[in-house]
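Taken from TrEMBL as is:
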- A:9-27: transmembrane segment (TRANSMEM)
- A:94-295: domain 'ABC transmembrane type-1' (DOMAIN)
- A:100-121: transmembrane segment (TRANSMEM)
- A:133-154: transmembrane segment (TRANSMEM)
- A:166-185: transmembrane segment (TRANSMEM)
- A:227-252: transmembrane segment (TRANSMEM)
- A:272-298: transmembrane segment (TRANSMEM)
Amino acid sequence: MAKYLAKRIFYLLLTLFIVITITFFLMKLLPGTPLTNQAKLSKSEIAVIYQQYGLDKPVWQQYLSYVWNALHGDFGTSFQFSDQSVSYLIGSRIGPSLQIGLQAMVVGVLAGITIGAIGAVRQNTWVDTTTTVISILGISIPSFVLAVLLQYFLGFKLQWFPIANWGGFMYTILPTLALAASPLAESARFMRTEMVDVLNSDYIELAKAKGMSKAKVIYHHALRNSLIPLITVVGPLAVGIMTGSMVVENIFSIPGIGEQFVKSVLTNDYPTIMGLTIVYSVMLMVVLLITDIIYGIVDPRIRITGGSN
Amino acid sequence: MENQDNVLEVRNLEINFDTFAGTVKAIRNVSFDLKKGETLAIVGESGSGKSVTTRAIMGLLARNAKVANGTIEYQDRDLLQLSERDMEQIRGVDIAEIFQDPMTSLDPTMKIGRQIAEPLMIHKNMKKDQAEAEALKMMKLVGITNAEDRINDYPHQFSGGMRQRIVIAIALINYPDILIADEPTTALDVTIQAQILHLMKELQTKINTSIIFITHDLGVVAGMADRVAVMYAGQIVEYGTVDEIFYDPKHPYTWGLLNSMPTLDTKENTLPSIPGTPPDLLEPPVGDAFAARNQYALKIDTQKQPPFFKVSDTHSAATWLLDPRAPKVTPPATILERQKKYAAMHEKAVAEAKRAEQEQHRSGEEEG
């Protein structure tokens, strides 16, 4: 297990390095400069600022010095907020994003599992059709459309929840719902398919032949076996939530990293873009690592042994 | 129950399946008995309705199946009339089943000890520890080596033969009256097949259960069954004791089946087969369903269904060839050979019995 973990962490770092490299050069290809919107600055003033931030050097030198500094824990200073280091900026903004992201993940996946399981158990009835419609809607309605609809109906018309801004649990509900729709739909669809398969399998027939009630068969045999493959979609769902948060945080004016990321790209805030890219990559890779480990724990067929697997 | 020796009586069973194409008449008026402690083999090719019959006994018919007629009597109750809850009390306790493919019939994520113990936990309200202790005994009984070490293993850690032993352990843990074995050796290697069959025979006497043995493999039947029912196109066409079916078959379909089974005496290089395919049960043919594939078919076979003609007290066949008015036909050579062997066996048995009687007589005289 330790050997497996060490191997996985090595690959994680290698992947991260590749992501940093590609993002760095792609970012430099973006049109404009950090000072594009500062029309009042004279050429000599710009030159001074460029020199100050090392932007006058060739791109490959900038890249090397970025990697060198990053390896020493220095991710630079934000261009937008000149006195804030990127680490501090991200640290102060990651909380709301994590909260909404995790809430959306938990709500979406739990509701999705429930809906999918009900659909499978009541296969080919009106219940099944309803759950299928829910998951199709969830997949096809973009989160920004859903966000605006939620704001209008639940926030503006019914006044149940605040429309936007950040300040306590009530403020998290609408963005959580907007973000949860897609993981809900995806996991419901996946769960239904898996469970229909499992319910038609021989070992479910054997469980019935043991004289177990339908509820017990589902609880003891069908659920666990249908849930295991669901772990593999958690990674892709996490990606969906991360990208979704960039839009949703903007719509709800949430001071999170998603909103910051969009702002940084629009203003060519290079150090912040790089810092956030690293944060997103690490989050995703950690999610994937954790799901792989969990998969090994819950499915006896793929227990991780030594390093042979 | 009509007969006290019977543990199960199936009468006039008719089962239809609603499909998009129409109603498939899968079981057409099937009746049979299962006697206490015996093994009844139901033989037939794929789609003949053997498995549907057992599903009906277990109360596990597919959703689109409809029982159109008939009764399945067990302990003075018609299983077909029982509620789902009552059937749950019978399944896995009084009537248990062994499935065809041991590779897929065990839950891949549950320890096998728990899987074997489960019927006890459901039906006997046993705690997990107590039930697993019983499971361990059963594992030893079905011949799983190192049972103590293996009780917490998962199915993928066992070979096919061992998994089938586990499936058997699950079925037998509550000492059922009736064990349904639906092609239990079809998915196994031949050597393992023999082991499993031997085990089943051995356990049958140990726990005193009746077995319904479903198979398409006549070779397996010979060593296993007491009586045989041959099914074709949703009907039983012939039934009798193993010897009667193997050595004195009367139905042309049984002839065909036996003819296409290689024996040690088989000399030809080609194995005969029954030409054609079974009829479409959406529209079962009028008359004898086997007529179209039957080289001995009479004109009446296409007009009227043959009734059962009694050959002996235990042996009946549904073929017009047994009608007194039917012309004499000569069965295939291999069948004639079988009959000859059977007659010889019979003569020998009679002679032996006579000699034994005489000996007894003589010893009686000497004593006197």
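Cβ from N, Cα, C; glycine included.
What TrEMBL says about a protein is an automatic prediction, not a curated fact.
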Winner by Cβ pairs under 8 Å against the transmembrane segment (A:166-185), considering only A:9-27, A:100-121, A:133-154, A:227-252, A:272-298: A:100-121
Candidates A:100-121, A:133-154, A:272-298; stretch with most C-beta pairs under 8 Å toward the transmembrane segment (A:9-27): A:272-298
Residues of the parent chain within Cβ reach of the transmembrane segment (A:100-121), under 8 Å, 6 or more residues beyond its termini: 127-128, 131-132, 134-135, 172, 175-177, 179-192, 194-196, 199, 218, 223, 226-227, 230, 234, 237-238, 241-242, 244-245, 248-249, 254, 256
